[in-house]
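Features of the protein shown, as given by TrEMBL:
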- 7-9, TRP23, 42-47, SER50, LYS74, 112-116, LYS143: substrate binding site (BINDING)
- ASP7, ASP9, GLU167, ASP168: Mg(2+) binding site (BINDING)
- ASP7: active site, nucleophile (ACT_SITE)
- ASP9: active site, proton donor/acceptor (ACT_SITE)
Amino acid sequence: MSGFIFDLDGVLVDTAKFHFEAWRELARDLGFDMDETFNETLKGVSRMESLEKILQKGNIDASSDQKLSWAEQKNQNYLARVQKMTKADVLPGVLAFLEKSKQLKIPMAVGSASKNAVAILTLTEIKDYFQVIIDGNQISKGKPDPEVFLLAAKTLQLSPALCVVFEDAEAGIEAALAAGMYAVGVGDLEKADEMISGFEGQDPEQFILDPL
Ligand code: BG6
Ligand code: MG
């Protein structure tokens, strides 16, 4: 049986915009700006690695303590935005896709770099669809390393070759491919095995992989 592993931010829920807004506010506080093109390079990347990329862009050097404090500032800003989320912030077509997958008894996991994953899944009321949630608290190497997806497959007790990953970030597609999984890009992701623009009108049965 195939299993599905979903990235969270930008795949299941519309949080990618909140990450962008919160990082942008920090960048502006530090005296420079960042646009959506630069933001693409942060998608799927852990909080501290994202901060490193932003500081590099702004040519800013800082102590470890200062970096931790900026990361915390960004996270508080992000959480203030996220607190208002409800089921309505689940991306179009996702609820129907999860419901049909559940009826088909497809094992499902979340594989996210975020340390806020469980809180967001709870706020948006989709947590119970997933048998396994692997997030930024359980992994030591972020995407594009395959660790998050390999741990999700292991916990689902599925071989990686039978896992389909849904991802909106280039780093996530690279991680899925490195894990030996089938990568579905949500958005314009050329390295993916297949691309979809979103879940609206998608049938989970189309993504079930045949066992070898
Ligand atoms: C990923 C997002 O899912 O999680 C990144 O795409 C984010 O933008 C990363 O930086 C870490 O998230 P958090 O919630 O732990 O800061
Ligand atoms: Mg994402």
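Positions of Cβ are set from backbone N, Cα and C atoms, glycine also.
On a predicted model such as this, the values are computed, not experimentally measured, just so you know.
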Please check the binding-site residues ASP7, TRP23, ARG47, LYS115, ASP168 against ligand 2 and give me the ones with CB under 6 A, sequence order.
ASP7, ASP168
Measure the Cβ-based neighbour count of LYS115 (substrate binding site), defined as the other Cβ atoms within 10 Å of its Cβ.
14
Other than ASP7, ASP9, GLU167, ASP168 themselves, what residues in this chain have Cβ atoms within 8 Å of the centroid of the Mg(2+) site's Cβ atoms?
PHE6, LEU8, GLY10, VAL11, ALA16, LYS43, GLY44, SER112, PHE166, ALA169, GLY172, VAL186
Is any of ASP9, GLY44, ARG47, LYS115, GLU167 (binding-site residues) within Cβ reach of ligand 1, i.e. under 6 A, and which?
ASP9, GLY44, ARG47, LYS115
Which of the three DSSP-derived classes (helix, strand, coil) applies to ARG47 (substrate binding site)?
helix
List, in sequence order, the same-chain residues at least six positions removed whose CB sits under 8 Å from that of ASP168 (Mg(2+) binding site)?
ASP7, ASP9, GLY10, VAL11, ALA16, LYS43, GLY44, GLY185, VAL186, GLY187, LEU189
If we check Cα distances from GLU167 (Mg(2+) binding site), which of the binding-site residues TRP23, ARG47, SER112, LYS115 wins as closest?
SER112
Counting across all protein chains present, how many other Cβ atoms fall within 10 Å of the Cβ of ARG47 (substrate binding site)?
21
Here are the binding-site residues: ASP7, ASP9, GLU167. Which has the lowest count of other Cβ atoms within 10 Å?
ASP9
With Cβ-Cβ distance below 8 Å and at least 6 positions apart along the chain, what are the contacts of SER112 (substrate binding site)? List them in sequence order.
ASP7, LEU8, ASP9, ILE133, ILE134, ASP135, GLY136, VAL148
Which state, by DSSP, holds GLU167 (Mg(2+) binding site): helix, strand or coil?
strand
